[in-house]
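A.B. asks: Submitted below is the structure of interest, expressed as structure tokens.
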Amino acid sequence: MGLSIFLLLCVLGLSQAATPKIFNGTECGRNSQPWQVGLFEGTSLRCGGVLIDHRWVLTAAHCSGSRYWVRLGEHSLSQLDWTEQIRHSGFSVTHPGYLGASTSHEHDLRLLRLRLPVRVTSSVQPLPLPNDCATAGTECHVSGWGITNHPRNPFPDLLQCLNLSIVSHATCHGVYPGRITSNMVCAGGVPGQDACQGDSGGPLVCGGVLQGLVSWGSVGPCGQDGIPGVYTYICKYVDWIRMIMRNN
């Protein structure tokens, strides 16, 4: 009953915080991203996330709220899809190497353990972790409810998707000299297409596996020509992720 009441409150009133969203994407196919998570504080969307196990969600470390309402199986944020599941995050584990966005964006990932496991359905499913690292030129996509390029309605109601490709480490280092490490991967750089404010922690999916989490990018407008977004390179953290889940 408590979750049902909370869901009704969510669909009756929704606000979105100015934290990284999909810029110039298109509506995702319904149920095409069953691992997509929205992290809410009350009715305010704070970050994206990705379901990687029936009880674990992965998001960005800079999404620093202590407790979240975790919404899964969502497509529209303002209308009932009848596929939603709501969970409350229990405890979380931030990567011990993360020093904060003001110091370095490295190790920008955080695991959230759900108080109750999800029910796996066609609309709610975990996304596999990678066995290998995606290389330059790999075609991927990113999803979220972040800022769009529509001036009258910058915060989308419907889940947005965007296709983009992995950029070489050398190219990305040239754009962000001295700031890119081997634990980061860059994608995009096509004019007008990017993750943007509000998509933080959301998944970069390549070949049906999780390769990145939306982390950071240019301080200027989203979707600048030749300016890729920067993602936490999940292939570098698989052992740590599995250790945390196994021990908790």
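Placed from the backbone N, Cα and C atoms, the Cβ positions cover glycine too.
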A.B. asks: Pick from Cys172, Cys206: which cysteine does Swiss-Prot list as forming a disulfide with Cys186?
C.D. replies: Cys172
A.B. asks: For Cys206, which disulfide partner does Swiss-Prot record out of Cys63, Cys133, Cys140?
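C.D. replies: Swiss-Prot says the disulfide from Cys206 goes to Cys140.
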A.B. asks: Would you mind checking which of Cys63, Cys133, Cys161 shares a disulfide with Cys28 in Swiss-Prot?
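C.D. replies: Recorded disulfide partner of Cys28 in Swiss-Prot: Cys161.
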A.B. asks: Choose one of Cys222, Cys235: the cysteine that Swiss-Prot connects to Cys133 by a disulfide bond.
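C.D. replies: If we follow Swiss-Prot, the cysteine bonded to Cys133 turns out to be Cys235.
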A.B. asks: Cys47 has a disulfide partner in Swiss-Prot; which of Cys10, Cys63 is it?
C.D. replies: Cys63
A.B. asks: Identify which of the disulfide-bonded residues Cys133, Cys222 has its Cβ surrounded by the largest number of other Cβ atoms within 10 Å, counting every protein chain shown.
C.D. replies: Cys222
A.B. asks: Sequence gap of 6 or more, C-beta under 8 Å: which same-chain residues meet both conditions with respect to His62 (active site, charge relay system)?
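C.D. replies: The answer is Gly100, Ala101, His105, Asp108, Ser200, Ser215.
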A.B. asks: Among all the protein chains here, how many other CB atoms are within 10 A of the CB of Cys235 (disulfide bond)?
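C.D. replies: That number is 18.
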A.B. asks: Would you kindly give the Cα-Cα distance separating Asn163 (N-linked glycosylation site) and Cys28 (disulfide bond), rounded to the nearest Å?
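C.D. replies: If we compare the Cα positions of Cys28 (disulfide bond) and Asn163 (N-linked glycosylation site), the gap is 11 Å.
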A.B. asks: How many whole Å apart are the CA atoms of Cys235 (disulfide bond) and Cys140 (disulfide bond)?
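C.D. replies: Counting only the Cα atoms, the answer is 15 Å.
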